[in-house]
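Scroll down for the structure; my scribbles are underneath it.
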Amino acid sequence: MEKPKYNRIVLKLSGEALAGEQGNGINPTVIQSIAKQVKEIAELDVEVAVVVGGGNLWRGKTGSDLGMDRATADYMGMLATVMNSLALQDSLETLGIQSRVQTSIEMRQVAEPYIRRKAIRHLEKKRVVIFAAGTGNPYFSTDTTAALRAAEIEADVILMAKNNVDGVYNADPRTDETAVKYEKLSYLDVLKDGLAVMDSTASSLCMDNDIPLIVFSIMEEGNIKRAVLGEQIGTIVRGK
């Protein structure tokens, strides 16, 4: 069996990653592909926690920009992440991978409430744990959720899977042909240069708790496994 570099990971999936090329909604083919990749690493005895965004269904900031109360818009976004999490859970269990959804906002008919010790126990039993509903508080992104949960469960790394870029660049590679991709960065570089990796709250939390971050493309099948095995893909962010 191949030996993974990391034993306990947090996989951060953007909502857009679940939409695939259609841009919004949940693409069943894409979510099945992601579930198969998660199965690959679960079979290496890696403990897998997942944080899913909700941008394929709703963005709190968009609602706020249109005049909605920001807190209400953010709560709607949290509910969108629950829908995505349940879809991912279903795909995983179709493949025979036991999983649990834990929500920051209680909805016991749908999922377990988030309890740190229980989440760790699930991971130790090799169940995939999907953290839904963000932090349970408005004004905090799902990037911050990933950083917070990674600190709480003492994860070895955060794998940030992107659907539109394969790492961190000094400019937007979709609009600037001269954009240069970084292989390694520090969190101070990210904060100082305002690089679009994750928001500053999440970056600070990762830096303060010394949690490495790997940013890579989800669109190339097998990349999650490559990252877990320690292959050089995407961009790694760590330290001060």
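Cβ atoms here come from the backbone N, Cα and C positions, even for glycine.
Taken from Swiss-Prot, the feature ATP binding site applies to Lys12, Leu13, Ser14, Gly15, Gly55, Arg59, Asn163, Tyr169, Asp172, supported by sequence analysis. Marked as UMP binding site by Swiss-Prot: Gly54, Asp74, Thr135, Gly136, Asn137, Pro138, Tyr139, Phe140, Ser141, Thr142. Per Swiss-Prot, region 'Involved in allosteric activation by GTP' is recorded for 20-25.
Of the recorded residues, Gly55 (ATP binding site) and Asn137 (UMP binding site) place their C-alpha atoms 17 Å from one another. Helix, strand and coil counts from DSSP across the region 'Involved in allosteric activation by GTP' (20-25) read 3 helix, 0 strand, 3 coil. Summarising the environment of Asn163 (ATP binding site), the number of other Cβ atoms within 10 Å of its Cβ, over all protein chains shown, is 19. Panel annotation: around the region 'Involved in allosteric activation by GTP' (20-25), residues 56-57, 163 of the same chain, lying at least six beyond its termini, place a Cβ under 8 Å from a Cβ of the stretch. Separation of the C-alpha atoms of Lys12 (ATP binding site) and Thr135 (UMP binding site): 14 Å, rounded to the nearest whole number. Close to Thr135 (UMP binding site) in the fold, though at least 6 residues off in sequence, lie Ser104, Thr144, Thr145, Leu148, each with a CB less than 8 Å from its CB. Those same-chain residues not listed among Gly54, Asp74, Thr135, Gly136, Asn137, Pro138, Tyr139, Phe140, Ser141, Thr142 yet with C-beta within 8 angstroms of the centroid of the UMP site C-beta atoms are Gly60, Gly77, Met78, Gly134, Thr144, Thr145. Cα distances from Asn137 (UMP binding site) to the binding-site residues Ser14, Asn163, Asp172 are smallest for Ser14. Here Asp172 (ATP binding site) comes close to Ala179, Ala196: these same-chain residues lie at least six apart in sequence, with C-beta atoms under 8 angstroms from its C-beta. Closest in space to Asn163 (ATP binding site), of the binding-site residues given as Gly54, Tyr139, Ser141, is Gly54, taking the CA atom of each residue.
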